[in-house]
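Take this structure first; my questions come after.
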There are 2 protein chains.
Amino acid sequence: MNFSELKYNDAGLIPCIVQDANTGEVLMMAWMSAESIGLTLERGETVFWSRSRQELWHKGATSGNTQKLVDLRYDCDADTLLALVHPAGPACHTGERTCFYRSLVKG
Amino acid sequence: MNFSELKYNDAGLIPCIVQDANTGEVLMMAWMSAESIGLTLERGETVFWSRSRQELWHKGATSGNTQKLVDLRYDCDADTLLALVHPAGPACHTGERTCFYRSLVKG
């Protein structure tokens with residue numbers, strides 16, 4: 001499949017789960033446009049679409065915490081992506097390794 | 001945090017990544033409403049909101065492939081969930097263990 005054939009939402013975006021290729025830890029979820037997917041594949045580093053800033057977002061461009069792409073998978077419905085990466089540093093802007101550091105169950 | 005304080009989209013939904021608690025494999029992504037989150041926590045099994053059928057979807061109710069909840073985490077923005085589960089069978093309706101069985105990179 002070519003990435004242009006994926007199913008994008010009304011805003012032209014598709015969710016991308018980011019997972020550490022070595023540890024299996026789920027690091028974050030962000031959104032990609034067709035353009036950002038193309039750039040991700042071209043550069044070999046994750047590039048998202050920032051919904052808050054409405055612009056392309058090369059993860060780590062300012063923080064240095066880039067994510068080197070190992071694989072980019074898509075699901076059975078072709079409406080969700082899974083990026084396997086080697087992260088250069090914490091994924092979360094809080095400094096946590098993963099954005100999912102809190103639990104609804106365990107408090 | 002109470003789950004009612006999470007950030008839902010305009011349709012009242014929040015994406016939920018499902019990960020095998022033992023293997024670390026990312027199995028699927030689906031959507032939850034506040035009601036489905038409450039039911040997930042109450043029953044200890046994943047309950048989603050089916051956008052195609054517009055109804056609550058107790059995963060495995062018909063296939064038997066339920067997902068026992070181990071933990072339910074939320075991200076730094078409180079707009080994405082991560083469910084850690086023990087799956088009773090394949091997550092994907094195709095029979096694959098994970099919905100992410102295809103790659104844009106590796107063909």
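Glycine is treated like the rest: Cβ placed from N, Cα and C.
All TrEMBL annotations are machine predictions without curation.
Given the structure is predicted, the values throughout are model-derived calculations rather than measurements.
Per TrEMBL, the feature domain 'Phosphoribosyl-AMP cyclohydrolase' maps to B:28-101. Sequence annotations record features per position, and here TrEMBL assigns Mg(2+) binding site to B:Asp75, B:Asp77, B:Asp79. The Zn(2+) binding site annotation in TrEMBL covers B:Cys76, B:Cys92, B:Cys99.
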Between the binding-site residues B:Cys76, B:Cys92, B:Cys99, whose Cβ has more other Cβ atoms within 10 Å than any of the rest?
B:Cys99
Counting all other Cβ atoms within 10 Å across every protein chain shown, which of the binding-site residues B:Asp75, B:Asp77, B:Asp79 scores highest?
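Ranked by Cβ atoms within 10 Å, first place goes to B:Asp75.
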